[in-house]
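Here is what TrEMBL says about this protein:
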DOMAIN    56-305  domain 'G-protein coupled receptors family 1 profile'
TRANSMEM  41-63  transmembrane segment
TRANSMEM  75-94  transmembrane segment
TRANSMEM  114-135  transmembrane segment
TRANSMEM  155-179  transmembrane segment
TRANSMEM  215-238  transmembrane segment
TRANSMEM  250-268  transmembrane segment
TRANSMEM  288-307  transmembrane segment
Amino acid sequence: MNVSDVICFDILVSAMKAENQSFGTDFLLVGLFQYGWTNSLLFVVIATLFTVALTGNIMLIHLIRLDTRLHTPMYFLLSQLSIIDLMYISTTVPKMAVNFLSQSKTITFMGCEIQAYVFLALGGTEALLLGFMSYDRYVAICYPLHYPILMSKKICCLMVACAWASGSINAFIHTMYVFQLPFCRSRLINHFFCEIPALLSLVCQDTSHYEYTVLLSGLIILLLPFLAILASYARVLIVVFQMSSGKGQAKAVSTCSSHLIVASLFYATTLATYTKPHSLRSPTRDKAVAVFYTIITPLLNPFIYSLRNKEVTGAMRRLLG
């Protein structure tokens with residue numbers, strides 16, 4: 001018996017013990033890696049990334065709130081994105097980090113349900129908000145004279161409310177449906193957090209019809225905003241390269257490219273998870289992909305928007321005196 005077999009056997013034994021102790025109501029999270037890395041090293045890496053992500057998003061929110069020059073629709077939407085990322089990474093990473101140093105990797109049924117709902121709600125909200133942010137840049141560059149009207153304070157608040165409400169309702173429907181299904185197989189979740197696709201493999205009844213619903217939701221919540229972003233920036237690039245000002249071209253391209261980089265990373269990884277048939281899933285690959293939209297994207301967002309933006313760096317310099 002090799003090392004990996006021993007580790008997997010230990011995980012199964014822990015799952016059986018956890019299930020016996022909790023009368024079958026708890027789940028057991030396998031984690032990010034089953035072998036190859038020491039738990040202490042993983043804890044340090046994840047804790048460091050988590051701290052940097054929290055610091056970056058909190059600083060960006062603080063800058064936008066304090067500097068009146070950043071009280072514009074673009075930065076209002078950006079502050080909402082930072083708030084979402086702050087909550088988003090806090091939903092999964094702390095539990096994952098604690099599990100690296102804990103002998104018991106269990107999560108209660110209610111805790112798993114809450115984690116799945118909050119994560120799904122925040123993910124859907126961010127997907128829609130990124131689409132609205134691309135619309136903001138589209139109007140600012142293509143229709144600058146109409147920008148104060150098309151992106152008024154009322155319209156911005158309506159966009160944000162629509163994103164939060166849509167993401168929350170979508171998450172509520174899926175979470176309520178999945179957690180009333182019979183989990184009659186092992187309570188061992190081969191993931192580092194409670195994600196809907198990973199939970200479906202524990203259900204003992206046919207979920208093929210429901211998977212079509214997940215696919216439809218993914219196409220509406222994820223693919224449509226992504227296509228809208230691509231269409232918006234295609235139009236923006238056409239307008240930008242018709243400008244006579246090289247400085248204006250550089251500024252517009254810089255702003256749009258940073259948004260497009262983050263959006264492409266987020267949408268590509270989430271679409272790969274939520275639109276893939278169950279028969280084509282690989283737990284190891286799914287966990288690796290999930291790292292991008294649970295950790296990497298919330299980590300990169302504040303730095304891509306701040307380091308590539310002269311207005312944000314200027315606000316930081318003024319704040320630091």
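Quick reminder: no glycine exception, Cβ is built from N, Cα and C everywhere.
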Please give the average pLDDT for the domain 'G-protein coupled receptors family 1 profile' (56-305) in this predicted model. 89
When counting Cβ pairs under 8 Å to the transmembrane segment (114-135), the leader among 41-63, 75-94, 155-179, 250-268, 288-307: 155-179
Spatial neighbours of the transmembrane segment (250-268) not adjacent in sequence (6+ beyond its ends, CB under 8 Å) are 126-127, 130, 133-134, 137, 141, 222-223, 225-226, 229, 233, 236-237, 240, 243, 292-293, 296-297, 300-301, 304-305, 308-309
Distal contacts, the transmembrane segment (288-307) - CB-CB under 8 A, six or more residues away: 32, 46, 49-50, 52-53, 56-57, 59-60, 63, 78, 81-82, 85-86, 88-89, 92-93, 119, 123, 191-193, 195, 258-259, 261-262, 265-266, 269-270, 272-273, 313, 316
